[in-house]
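> Attaching a single structure in structure tokens format; questions to follow.
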């Protein structure tokens with residue numbers, strides 16, 4: 001008789017046992033395996049009372065600013081403002097570079113969007129130290145979209161480029177917001193490290209190629225070919241003779257200073273943490289602007305400069321043209337989807353990296369909602385899509401940031417710099433801005449190269465092949481195609497892994513012993529066994545099938561195929577082209593250990609019924625072991641128990657089958 005605790009664990013799930021109408025076995029002889037407490041393979045469910053959160057707690061959970069802002073300590077204000085100043089010094093030059101060298105739009109739009117978006121992000125995020133802004137990958141996608149419109153028309157006005165940038169940010173924000181509301185944050189599992197390395201390698205190469213014309217100062221020549229990176233690379237190689245030597249020298253000096261300062265700060269940051277907050281990029285640009293104005297580099301040496309920067313107050317509006325709105329949206333939809341995906345992935349990477357240091361719990365759905373709000377806010381000012389960046393976040397933390405106020409301070413300082421400091425940058429050479437972008441590309445390429453060398457050292461050739469396939473596809477057909485190609489490979493890998501059966505078999509080997517054979521693994525039974533071997537004849541003709549997972553339409557078909565091969569060839573992985581040397585009649589007993597079958601769908605149920613029926617028709621004795629009560633109820637309802645001989649063939653453990661068959665299975 002089961003104990004009260006066992007009856008409590010069972011609850012209403014086993015009520016069918018008391019009310020069953022089958023006469024295959026008397027009620028008092030029902031086996032004890034139907035008690036969840038006695039099934040060693042089933043986890044006991046803890047009876048933990050759940051407290052429903054109040055309305056105020058729910059509101060504070062979904063809008064964290066209502067919780068942290070009233071509890072903000074003024075002792076942190078100095079550290080947050082200093083950190084915001086350091087991050088702003090990093091964000092302003094990057095925004096200028098993206099606006100001028102990537103998109104060709106006035107910097108006022110990019111800077112305003114870069115300031116407004118993070119403020120909205122702070123209202124919803126639960127990560128206090130994350131810093132967000134525009135990233136190179138999304139700028140690259142938008143630049144490709146603008147260039148495709150250039151190819152389809154004679155020219156694209158600057159107003160159109162501004163609207164394209166804002167609309168793509170709006171689409172990305174809507175998608176991120178909807179994904180967060182519908183709880184699709186689990187999709188970050190689609191991003192495998194291999195896909196990430198392939199995308200980083202591709203983005204780094206395309207960044208350096210796209211900045212080549214400005215970096216070398218090509219004069220009198222403009223690229224008008226296709227949007228494929230390989231064609232742009234060939235254009236650069238063919239026109240190297242037209243490069244401005246002074247522009248090239250200045251670009252090389254700038255990129256050397258930027259990379260040198262970054263490496264120096266990286267080496268000294270452990271000993272002097274505050275060194276990270278030094279705005280080296282701003283200092284280099286201000287120095288270049290001063291020297292350019294003093295020696296008149298534009299007139300004397302032909303070095304292009306940024307020119308006058310208009311600073312006007314922008315009002316929020318939807319980034320849509322007056323005519324052909326639907327066609328305009330259609331042309332931007334695919335790029336918007338890609339940008340939303342990249343924004344989410346970049347943010348998750350940064351948040352996870354920071355969470356390891358701060359022990360914060362990451363909630364992907366909340367980050368999606370925060371990103372959606374930030375990108376929608378940025379798009380209303382025709383700004384770029386923004387996302388979390390690891391470099392920017394690291395600078396924020398190393399500068400002493402304590403709360404989300406650091407991000408708000410950064411946004412306020414960017415707005416102040418936009419309206420009061422921008423005229424200082426009017427004489428900055430554009431090649432220096434391009435050098436900043438190229439230095440980011442070099443940094444990404446170096447990170448990807450380090451990971452690739454690690455994979456090559458451990459000889460993971462399959463993953464290396466995927467990385468270089470993504471990079472090759474991107475170079476040949478563009479970044480969007482490369483990302484789609486990489487995602488397709490990842491999805492196929494996930495599907496293959498999720499549908500791969502973990503079912504184990506046990507049958508006599510050639511030396512007369514019995515061993516478990518994992519369906520996926522190489523086994524000692526892979527060689528052909530001589531059917532006349534006396535060891536096989538003397539071995540017990542018993543097949544044990546352990547199923548450690550729920551049965552559904554995908555893995556049950558593999559179960560049928562593996563059983564068929566095992567019956568014919570002695571091993572479930574034997575090639576079907578071999579000559580069969582066994583028959584199903586050679587098996588006397590089949591034991592299905594349903595240790596992990598907590599559920600079964602209709603397709604798997606009918607397929608499993610066919611398997612049992614075939615064994616019964618060939619007079620093979622079938623036993624079921626460790627059945628879950630719910631699955632047992634389904635089997636009884638659909639006649640599977642009557643098919644195998646009733647409850648006498650259902651046991652709670654392998655030991656019971658040992659006693660019934662008068663053998664020792666040794667499982």
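Yeah, the Cβs are placed from backbone N, Cα and C, and that goes for glycine too.
Here's the feature list from Swiss-Prot:
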type	residues	note
REGION	1-27	region 'Disordered'
COMPBIAS	16-25	compositional bias 'Polar residues'
TRANSMEM	77-97	transmembrane segment
TRANSMEM	102-122	transmembrane segment
TRANSMEM	162-182	transmembrane segment
TRANSMEM	198-218	transmembrane segment
TRANSMEM	240-260	transmembrane segment
TRANSMEM	275-295	transmembrane segment
TRANSMEM	301-321	transmembrane segment
TRANSMEM	336-356	transmembrane segment
TRANSMEM	368-388	transmembrane segment
TRANSMEM	405-425	transmembrane segment
TRANSMEM	433-453	transmembrane segment
TRANSMEM	465-485	transmembrane segment
DOMAIN	532-657	domain 'STAS'
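In the displayed structure, how are the listed features positioned relative to their neighbours?
Under 8 Å from some Cβ of the transmembrane segment (77-97) lie the Cβ atoms of residues 107, 110-111, 114, 131, 133-134, 276-277, 279, 281-282, 285, 306, 384, 391-392, 395-397, 399-403, 405-414, 417, 425, 428, 433-434, 436-437, 440, all in the same chain and six or more residues away from its ends.
Residues 65, 91-92, 95-96, 130-134, 139-140, 142-143, 146, 158, 161-162, 165-166, 169, 210, 309-312, 314, 370-371, 373-384, 386, 404, 407-408, 410-412, 414-415, 417-418, 422, 437 of the same chain, all 6+ positions outside the transmembrane segment (102-122), place their C-beta atoms under 8 angstroms from a C-beta of that stretch.
Sequence-remote contacts of a segment are chain residues at least 6 beyond its ends whose Cβ falls under 8 Å from one of its Cβ atoms, and for the transmembrane segment (240-260) they are 215-221, 280-281, 284, 288, 297, 301-304, 429, 431-432, 434-436, 438-439, 442-443.
Sequence-distant neighbours of the transmembrane segment (275-295) (same chain, 6+ residues past either end, Cβ-Cβ under 8 Å): 82-83, 86, 89-90, 92-94, 96, 250, 254, 257-258, 261-262, 265, 268-269, 303, 305, 394-395, 398-400, 424-429, 432-433, 436.
Nonlocal intrachain contacts for the transmembrane segment (301-321), taken as residues 6+ away from its ends with a CB within less than 8 angstroms of a stretch CB, comprise 96, 100, 106-109, 112, 160, 162-163, 165-167, 169-170, 214, 217, 219, 244, 246-247, 250, 292, 328-329, 379-382, 418-419, 422-423, 425-431, 433.
Through the fold, the transmembrane segment (336-356) approaches residues 127, 129-130, 132, 135, 137-138, 141-142, 167-173, 175-176, 179, 187-188, 191, 196, 362, 364, 367-368, 371, 375, 385-390, 393, 397, 479-480, 483 of its own chain, all at least 6 residues removed from its boundaries and within a Cβ separation under 8 Å.
Sequence-distant contacts of the transmembrane segment (405-425) (same chain, six or more residues past either end, CB-CB distance under 8 Å): 72, 76-77, 79-81, 83-85, 87-88, 91-92, 95-96, 107-108, 111-112, 114-116, 118-119, 121-122, 129-132, 285-286, 289, 306, 308-309, 311, 396, 399.
A Cβ distance under 8 Å defines the sequence-distant neighbours of the transmembrane segment (465-485), meaning residues of its chain 6+ beyond its ends; these are 137, 140-141, 144, 194-195, 197-199, 201-203, 205-206, 227-230, 233, 334-335, 338, 341-342, 452, 455.
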> Select the range from 162-182, 368-388, 433-453 that forms the most Cβ-Cβ pairs under 8 Å with the transmembrane segment (198-218).
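Most contacts with the transmembrane segment (198-218): 433-453.
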